[in-house]
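As recorded in TrEMBL, the features of this protein are as follows:
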DOMAIN    73-100  domain 'C2H2-type'
DOMAIN    129-156  domain 'C2H2-type'
DOMAIN    157-184  domain 'C2H2-type'
DOMAIN    185-212  domain 'C2H2-type'
DOMAIN    213-240  domain 'C2H2-type'
DOMAIN    241-268  domain 'C2H2-type'
DOMAIN    269-296  domain 'C2H2-type'
DOMAIN    297-324  domain 'C2H2-type'
DOMAIN    325-352  domain 'C2H2-type'
DOMAIN    353-380  domain 'C2H2-type'
DOMAIN    381-408  domain 'C2H2-type'
DOMAIN    409-436  domain 'C2H2-type'
Amino acid sequence: MPGSQQGQKRQPEKATEGAFLCEDGDSSLNESTLQEGILISKGGNMGTDCGKSLHQSFEFLEDESVETGGHQYKCSTCWETFHDRTHLDTHERIHTGDKPYECTDCGKSFSTSYGFIDHIRVHTEEKPYMCSDCGQCFHLKSNLTAHKRTHTAENPYECSECGQSFGKKSHLVTHERTHTGEKPYQCSDCGKSFSQKGNLVSHMRIHTGEKPYKCSQCGKCFSHCTSLMMHVRTHTGEKPYKCSICEKSFVNKGNLVSHVRIHTGEKPYECRDCGKSFSTSFQFIEHKRLHTGEKPYMCSDCGQSFNSKSNLITHKRTHTGEKPYQCTVCGKGFRVKSSLTKHVRIHTGEKPYKCPECGKSFNTSSLLVNHKRVHTGEKPYKCSGCGRSFRQKGNLVSHMRIHTGEKPYRCTDCDKSFIDKKSLIKHKRTHTGERVYDGKDGGQRFRCNSVLS
C-alpha cells in the first residue's frame, strides 16, 4: 500500500544531539549508529563509499533482526545468545581479541566503538554528562547515573552474602568476587589473575611500561586516568571528599571510605586463612601475600623482593640514602613516615596505646601488642631448631643465631662479635668505663663513667 509503512525498510536513526561526522563521507550519525559505522569504516571493513555502505549496512542489520523475529544469534565458542548480530559480533571479539578501534592520540585499541568513544574523551577532556543537582560533569553517562545516587542515597544492588549495597550493578558483581574468590581476568605475560578487568589493564602496563596519562602542569606521566586525576589535585590543593564526622578532607573517595572506618571500626575484609580482618582492600591484599608467599615487587638494584609496593619504595631508600621525613625538633631524618611519627613521641612524651588489662601505656602499637602477651602468655614465635617459643619476633631472630653461630654485631674497639645489639652495648661499657646501677627503689637505672687518675 503506497501510504502504508508496512513492508518498508526501517531507516537508520537520525542524529539529534551529540552527532558524529564521518571523515570519509558527510553522513551525520548519533552514537548508537556510530557503533558499527564510522569506526569500522575507518578500519576498512565496509567498502570505499562510506556514506552509502554505512547506510546500507544498518538497513541490512535492522532488516535481519526484524526478519528473524524471535530468533537468537549464538556464539560458537561459549554458546551465549544475543538478539541481534551486532551484539554477537561485539561479543565474539572477547574470544578473538580483535580490537579494531584504535586511538590516533595514544595508540590504544578497543573492541567496541562505545569504548573507543569513552576513551577519546580522556584526551579531549569532554564531559558531556552534567549532574543537575551539583553541576559536576562526567565522561560517561553511567558515571553520572552512579553519581546521582550519592544525592538520593540510593543503592539498589545488594550483596546476598553480606548485605552491602551498591549504586551500580557492576560494582556489586565486582564485590561478590571478594566472597567467591573468582578472578576471571588473567595476565597473558605472567599468569597473574584479577577480579576486575580494569585492574588487569592497569597491571599490563607494568609489562609494557605504558603511561598514557600526562599531567599538563609538570609533565609527569601515569599508567591510568585516576592516578592522574589524584595527582592533579596536588597542584590544585583540591580535597573534595570530606568526612562528615571529623571534617577531615581527602583527594579521593577511596581514602575517605577507608578513613570513615576508623570512626565506625568496620573491617569488612576478612582473611579466610587466619580470620584476621582489615579496614581496607589493599591491607587485605598485602596480608594475603603473607600466606601465599607472593612478593611481586622486586628491587632493580639488589634483586630483593617485597610483598607491597610501599615496602619496595622504603627499601630503595637504603640504596639512595634518602631520608625524606625529618624531625622538626632535632633534625633527625627517617626513611618512612611512620618512623618519624614514633620518633616525635620521644619529644612529646605521648603514649597513645594503653593496655586495657593493667593501664600501662606505650608510644607504638607494636609495643602494646608485645606487652599484651605478658597477660595472655602467648608466644607465637617458635624456633624450628629446638622448639622454644618467644613473645617477640626479634627475640626469636636473636635466639636463632645460637643455632647458626651468626654474630652480626661487632665491637669497633676490639673486633669481638655478638649475637644481638644489647650484648654489644653491654660489652662496649668495658671500653668506656661506663657502669649501670639498678636502683632499689622503683627499679630506676643510673649510668656513670669512672674516671681514671
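Using N, Cα and C of the backbone, Cβ positions are placed for all residues, glycine too.
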Surrounding residues of the domain 'C2H2-type' (185-212) on its own chain - C-beta under 8 Å, 6+ positions past either end: 106, 108, 174, 177-178, 221-224, 296
Tally of residues which DSSP labels helix, strand or coil - the domain 'C2H2-type' (269-296): 12 helix, 4 strand, 12 coil
Residue counts (helix, strand, coil, in that order) that DSSP gives for the domain 'C2H2-type' (325-352): 12 helix, 4 strand, 12 coil
Composition by DSSP (helix, strand, coil) of residues within the domain 'C2H2-type' (129-156): 12 helix, 4 strand, 12 coil
Confidence summary for the domain 'C2H2-type' (157-184), mean pLDDT rounded: 85
